[in-house]
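What Swiss-Prot says about this protein:
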MOTIF     318-321  motif 'DXDD motif'
BINDING   D656, E660  Mg(2+) 2 binding site
BINDING   D656, E660  Mg(2+) 1 binding site
MOTIF     656-660  motif 'DEXXE motif'
REGION    685-721  region 'Disordered'
COMPBIAS  688-698  compositional bias 'Polar residues'
BINDING   N862, D863, S866, D870  Mg(2+) 3 binding site
Amino acid sequence: MEFDEPLVDEARSLVQRTLQDYDDRYGFGTMSCAAYDTAWVSLVTKTVDGRKQWLFPECFEFLLETQSDAGGWEIGNSAPIDGILNTAASLLALKRHVQTEQIIQPQHDHKDLAGRAERAAASLRAQLAALDVSTTEHVGFEIIVPAMLDPLEAEDPSLVFDFPARKPLMKIHDAKMSRFRPEYLYGKQPMTALHSLEAFIGKIDFDKVRHHRTHGSMMGSPSSTAAYLMHASQWDGDSEAYLRHVIKHAAGQGTGAVPSAFPSTHFESSWILTTLFRAGFSASHLACDELNKLVEILEGSFEKEGGAIGYAPGFQADVDDTAKTISTLAVLGRDATPRQMIKVFEANTHFRTYPGERDPSLTANCNALSALLHQPDAAMYGSQIQKITKFVCDYWWKSDGKIKDKWNTCYLYPSVLLVEVLVDLVSLLEQGKLPDVLDQELQYRVAITLFQACLRPLLDQDAEGSWNKSIEATAYGILILTEARRVCFFDRLSEPLNEAIRRGIAFADSMSGTEAQLNYIWIEKVSYAPALLTKSYLLAARWAAKSPLGASVGSSLWTPPREGLDKHVRLFHQAELFRSLPEWELRASMIEAALFTPLLRAHRLDVFPRQDVGEDKYLDVVPFFWTAANNRDRTYASTLFLYDMCFIAMLNFQLDEFMEATAGILFRDHMDDLRQLIHDLLAEKTSPKSSGRSSQGTKDADSGIEEDVSMSDSASDSQDRSPEYDLVFSALSTFTKHVLQHPSIQSASVWDRKLLAREMKAYLLAHIQQAEDSTPLSELKDVPQKTDVTRVSTSTTTFFNWVRTTSADHISCPYSFHFVACHLGAALSPKGSNGDCYPSAGEKFLAAAVCRHLATMCRMYNDLGSAERDSDEGNLNSLDFPEFADSAGNGGIEIQKAALLRLAEFERDSYLEAFRRLQDESNRVHGPAGGDEARLSRRRMAILEFFAQQVDLYGQVYVIRDISARIPKNEVEKKRKLDDAFN
């Protein structure tokens, strides 16, 4: 790119600023300050000349200056837990300063302090009342929050905090503490708990952790060091010196404020350099003495500590800082082997952030994968590369909603690391540098993951060009989109991509001042903002936006067909659901859908053999119904859910084909035998009497009620069965097992599984009834008819009854609806509930109404679009009922279609009204505001709405164009081929 001197100067200046307060003993750190740690340091006392005094009064003064009018401490609060911990620790400091008169302290108005404490207590109560444990992401909060409440209650009996989340909080706390042993902290191996010793006051002997100090600090935590200094039996001058250095040289710069961690030498050095290098800055751009010093620090620590380092010298090693350092040194051409990283952090399915970690981190694994890909001999680490690639794809595929990580609250942070490392991975694959590392299926999954991780930020950009009005989040978004420009999947989206980058840069340029760049989105005990790191992301985004495109990647995974893509986009843009959307959004959803198609095609014969049917052209569009509906409202249901539903939709098309082209022919003259086959396959036992979450088997763990429908593994009296029977039974058994024994179904409640099994049975039986009802019409299919002559069904039921029962069941919507319900109930129900997707009677009734109106509507739309096809194939259509023949008059088929369209619109209005009432009932039952139950209920409703829109879209598109595969007309030829199968 053309040399941009101002940006280069800024980047070099940033590197120089990192060492502005560097100390050879303590290192450096620029993390923002936190009231939580400041409060703990303010509690340290020391006896001087026989009199106890507050050692750091400036810290307490800072707390007084920053208390809000509402009573809490709000600076830097980006999550509810921030306010709770900042306020709780500061309240403890206030109480101790008010009630400990014998300690020498600056003169304060005790009445003022008491008033401040009252306001702080009120604020804390309000914040605790709103706490939702299930959405709290900060590591260790379940230990630290109770540890803060205990001393407050001991300090003042009136400070007893009772709040809705206390019970679930204590349940998590007790479970974790039941595994804790003080001896763990007394050994030679450092543990992460050393960073939070204030949570173990009264539980450990502080004298026995003295050997874990690093230059006086307890794993770089001011609050943990303060707790140690307060509770060790002997005064520790090194720890006092450390705290004094932090107060003077950390981000507080002598104001009395301290951060949650100091120093962070390795963390900030490696993150800043890798961020700048990734964007395209070179070592020559950044050349200065400070760059040499940073590299010297990283290289020296990496060598001294044996190839695995922590966020500062001497601290517990973690894979993040180790991997980032390896990547930094590799870019600079330095030797940095990942062997020790692999030895220390590799687990069975992923890489741990640190030894003993329980919940794996996506970003840590992205960093580890990046370090391996930076090796000149990356293929040597093929097994580790494959392992991490599978893990990061699985992590993405299983994540519901926006991706989360435990080190940063912004979903774009894990996304940018994921996108960068997958682009590098695909690039090496296409250069032939990783032969045989990834199988074809994993490559398909990589392609989908990469595209979604790039597309969703493009969809989520705010109108003013930002992401969440955050300067750092906006930098992440820009970096993701600049990577997307290299991915060939986005070649047809270059215009919106470039415009989004331009608007993002314009927003970033409009922000100025230090405070505008302090985004408290990083996670420590409380959220923090690393100012220099934020600046590095902003500079990287600006540089990358101006850089020429790198080599294109992705062509080996998928090449978009230009003609077919545009044709489908134009078709679907006519649908009512999409008319208001920009065409590029539909094109993006179509590309995403096309990336699912190879995966579906790879498994298209897993269940049905697909004999004697036309080309399965529906595979080219089936995924689009799911991707488009998912993207339309930014629902972002998990990718695994999308794939499962695409596969179910494919099976539904195949089931229709199989029942018409195979089972319907083999059993044409004895349909009752086919009915009996289905009854044999899905035998009824008992009726559903009770709800309850299942544990694996077929019984409700609470009530003992058995399943009302059980599956048979083989046909009964097999010696008396014909080969035709066995063929059909085998295919339908494989189909029903795939659905009813799907992993997400196995963990659903008994009630939801019963309903699914019943609807599955009704679905299969409806195909038989449909075939019988169609028989008289199929005999007329080859008789020439004028277009204005209507075939009339001889069915004895009314159109109203037929379209709501047999007809609605036949299109698969009801059983698919209950498949979704099983998934939602299993995945998105509060722990301890019965696990039903719709727990209350009102929700169950209204959900059933939504389902039936949806199915009826879709069948009507289907019949509008497939009238000609049904006539050709002899299938019963809504328009064949006498009600429409009587209303045709002189207008013929068009009058009939208009009448059916009006009825379909009535059903659509009815489904929308039923869904609105279901949402109202759900809010009434589960609460309209915060809390785990209400949050999960809203999420279930969002995904149900997404499902309903997908069904609605099917109906709308059927009206525009019939997408089912045609069944061959020559039934004699079909029968001959089927007979050949048994010979």
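Along the chain as shown, the residues are counted starting at 1.
Keep in mind that glycine also has a Cβ here, set from the backbone N, Cα and C atoms.
Taken through DSSP, the motif 'DEXXE motif' (656-660) splits into 5 helix, 0 strand, 0 coil. Calculated from their C-alpha atoms, the gap between E660 (Mg(2+) 2 binding site) and D870 (Mg(2+) 3 binding site) amounts to 12 Å. Considering only the binding-site residues N862, S866, the Cβ with the fewest other Cβ atoms within 10 Å is that of S866. Rounded to the nearest whole angstrom, the C-alpha distance between S866 (Mg(2+) 3 binding site) and D656 (Mg(2+) 2 binding site) is 14.
All protein chains considered, the CB of E660 (Mg(2+) 2 binding site) has 22 other CB atoms within 10 Å. Note: the CA-CA distance between N862 (Mg(2+) 3 binding site) and D656 (Mg(2+) 2 binding site) rounds to 14 Å. Taking the Cβ of D863 (Mg(2+) 3 binding site) as reference, residues of its chain lying under 8 Å away and at least six apart in sequence are, in sequence order, D870, N877, S878, L879, L900. Summed and averaged per residue, pLDDT over the motif 'DXDD motif' (318-321) gives 98. Taking each Cβ in turn and tallying the other Cβ atoms within 10 Å, the top scorer among the binding-site residues D656, D870 is D870.
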